[in-house]
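Per Swiss-Prot, the features are:
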type    : residues            : note
BINDING : C41, C46, C52, S281 : [4Fe-4S] cluster 1 binding site
DOMAIN  : 54-270              : domain 'Radical SAM core'
BINDING : C68, C72, C75       : [4Fe-4S] cluster 2 binding site
REGION  : 285-310             : region 'Disordered'
Amino acid sequence: MATKNEEILRKPDWLKIKLNTNENYTGLKKMMREKNLHTVCEEAKCPNIHECWGERRTATFMILGAVCTRACRFCAVKTGLPNELDLGEPERVAESVELMNLKHVVITAVARDDLRDAGSNVYAETVRKVRERNPYTTIEILPSDMGGDYDALETLMASKPDILNHNIETVRRLTPRVRARATYDRTLEFLRRSKELQPDIPTKSSIMVGLGETIEELHETMDDLRAADVDILTIGQYLQPSRKHLKVQKYYSPLEFGKLRKVAMEKGFKHCQAGPLVRSSYHADEQVNEAAKERQRIGDEKLEAAKNEA
C-alpha cells in the first residue's frame, strides 16, 4: 500500500502551490470562528482559499450546518445526522459578507435530505438577507439537487441569485460510484428547470477529472450540459481528500486542461475555467451577467471612496 509520503511525491509539480497567508486571510478566518459560520473553502480544503479570501474578495459560505446527510466519495465535508436548523444563520452570513467587503459571495449548503423542504426556505432567506445588507455584492448559489424537489428549487430561484450553480461532478458512467445519492439525469433536470424558472440568471456546473473518465465521456457531458442550457462550466483536477475517498486515476496536465477549455468554448459555453486547481467557485466574480457586473463596479467605487476618506 502506498504511504502518505509516496502519494504526495506522485503529485505533479503543477499541483504544488505556495500558500500566501496574508493579514486579510487570517482576519477573515478568525471572524468565521467568532460567528460560528462555515465556509466550504475550509471544509472542502480548497487550494485557492488564500487567493479568493486575500485578493479577490470572494468567499463561499456553507449554510444549513456543517454536517451533510450524504456521503459522496469525493467530498471532504463531514457526514452524519445534522443538527437543527439555525434560524439566525441568514442574518449572520449577511453581516459577515458586509464585514468582509465581499465583491462576490457563493452560498452553498450541505444536503439536508432530513428536512421536508430540503432547507430551501432558510437558503432563500439567506440570499435575501445578504442582498438587503449588501446590494452591490453579487450572489451565487450552489445547492444540492434538493432530492429532486422542484418546489424547493422554485423557492431558491425566487430569491433571485446572480448565478445558479449545480455541479454534475463527473460523467454519466461514474456517477453511481462517485455520488450514489444523486443521479446524472436529475442534475441535468435541476439545471434545465433552473433556467426555465429564471431565464436571465446564468446557470453553471462543474466537472472533476481524474476519476477514470475518458475524453469522449467528458465531451458527452459537456454536450448534455449545453442541452440543459448551462452557460458556465468549470473543470478541475480531483484530489483525494483522504484514504477513505476515491483514488485519483489520472493527473491531467495544464495543456490537457487547455484543450478541454477550448472544446467547451467551441460547444457554446459563455465562460469556462479549466485547470488543475480550478474549483467550482474559482474566479466566480467574473462570471455574472452585465447587470450584475455593473453592481460590482458601483460597489468597488464606493469601497475605494470610503478608503480615501478614512
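Note that Cβ sites are derived from N, Cα and C of the backbone, with glycine treated the same way.
Tertiary neighbourhood of the region 'Disordered' (285-310): same-chain residues 56-58, 101, 103-104, 135-138, 140, 162-163, 200-202, 204, 232, 271, selected by CB-CB distance under 8 Å and a gap of 6+ residues from either end. The DSSP breakdown of the region 'Disordered' (285-310) into helical (H, G, I), extended (E, B) and coil residues amounts to 22 helix, 0 strand, 4 coil.
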